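Contents: one structure, followed by commentary.
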Amino acid sequence: MSAVLIVEDSQVVIKVLRYIARQTLSAFDVVFTMSAEEARLELAKRDDWFACIVDLNLPDAPDGEMVDYLLEQQIPTIVLTGRMGDERRDALLRQGIVDYVQKEGLYSYKYAVNLVNRLHRNRDIKVLVAEDSAVTRWFVADLLRRHRFQIVEAENGKQALEAVLADDSIDILLTDYNMPVMDGFQLIHALRNKHEKVDLVIIGLSSADDKYLSGKFIKNGADDFLYKPFSHEEFFCRIMHAVASMERTRELHRLAYTDPLTGLHNRRYFMEQARKLITKADAPESALSLAMLDIDHFKHINDNYGHDAGDLVLIAFAQSLRRAFARFVVARMGGEEFCILFPGLPVDRAARLLEAVREQTEAGCVDTPAGSLSFTFSAGLVERSAGSLDELLKQADMRLYTAKEQGRNRIEQTGATRAVSCA
Ligand code: GH3
Ligand code: MG
């Protein structure tokens, strides 16, 4: 566990910071000190300092000497100050601090402490800087590094496009407008329209003297725009705003597409993915199989062992499906019914994989507070030759019904389903 140092001479402020840090900095060892001397002694004890929140004016370092010292040690530094002039503030930002926070009450202390967590999460966020000027690219990348982002660089739009298409983990694109080979507009257009990269956050940058540029950028698919030169502060505010909105959107997506009990994808996700994959599988050579699974006599489990034990069975079953079919689309469709889509897999090969899980399930058991219990499932498995997703689901459901009728704990499969018209 890495450490965060807090240096503040006011007893009252330290008390507030301690309270906030206890609630929000659980990922760190938080060390509190009340003077520069004490802070130096603590700093010497270990070398895994993640960040520091430091008062600019301490009794034994009255003029920011502790900030200088921390920056020399290359520790990301958040400065707490009383009121200060613009010049002093700009000088601190130029010097390389992460941010400064004026002591104006609970909110400002929360901001400072939360910023440490923000830096921690930023390490997982990858930003692509597309800018032809090496100096500006270096400047922007340096600012981003200060906030612990991962950085990728591109010298023109074409390089940036290739980088985004090759690396799915790029989260944010900062792009200049005027660039050789491919400019910022062409880049955004290619990403948003041609390649449908909707979840990439795009921020436009330009020094061009055109007051309509920001509007044009945003109408072409950018999320935000910054005119150069910009202040450090404006830059970080925009980036933090973009990151916060990206995280909110991702969380909403996660909630909308996840089954809360098992953590598997839900019906909504399955239907969307299946529609996309079925369209892709329209090529005659691409096989696609679909399985519908249903736990046998699940009502008995609930009735005999209780609803909570039933939930544990669902969770265990979901885990085994996730493990066995990690390469495929697995979802809990509702109740004790699950679906798996096997793109590229003919029905015989899908059947072999499914049969292995059936045998494992039959042989295994789930520990619950009401006792250890075993269960089985039945499945209907079909392969698509043509027709809509609804038709394919209907065929799988019919096979599943047959499996239940034939005695359960079995997989009923067909070859290619009969061609039907698209719904
Ligand atoms: P069959 O072998 O024919 O599939 O019979 P079954 O008992 O599995 O099917 P049935 O449809 O009769 O009962 C399913 C039960 O699943 C009824 C419902 O209360 C229960 N169920 C649905 N969702 C949940 C859940 O999230 N947790 C638990 N514990 N039970 C659930
Ligand atoms: Mg059932």
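Every residue, even glycine, has its Cβ placed from backbone N, Cα and C.
Taken residue by residue, the domain 'Response regulatory' (3-118) breaks down under DSSP into 55 helix, 28 strand, 33 coil. The domain 'Response regulatory' annotation in TrEMBL covers 3-118 (among others).
The domain 'Response regulatory' feature in TrEMBL is assigned to 126-243 (among others).
Taken from TrEMBL, the feature domain 'GGDEF' applies to 286-416. DSSP states for the domain 'GGDEF' (286-416), grouped as helix (H, G, I), strand (E, B) and coil, give 60 helix, 40 strand, 31 coil.
The local packing around Asp55 (4-aspartylphosphate), expressed as other Cβ atoms within 10 Å of its Cβ over all shown chains, amounts to 26. Here TrEMBL flags Asp55 (among others) as 4-aspartylphosphate.
Around Asp176 (4-aspartylphosphate), the same-chain residues at least 6 positions away in sequence with a Cβ under 8 Å from its Cβ are Ala130, Glu131, Asp132, Ser133, Thr136, Gly184, Gly204, Leu205, Ser206. Residues or ranges marked as 4-aspartylphosphate by TrEMBL: Asp176 (among others).
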Margin query: Restricting to the domain 'Response regulatory' (3-118), what is the model's mean pLDDT?
Written below: 92
Check: If you run through the domain 'Response regulatory' (126-243) with DSSP, how many residues end up as helix, strand and coil?
Finding: 53 helix, 27 strand, 38 coil
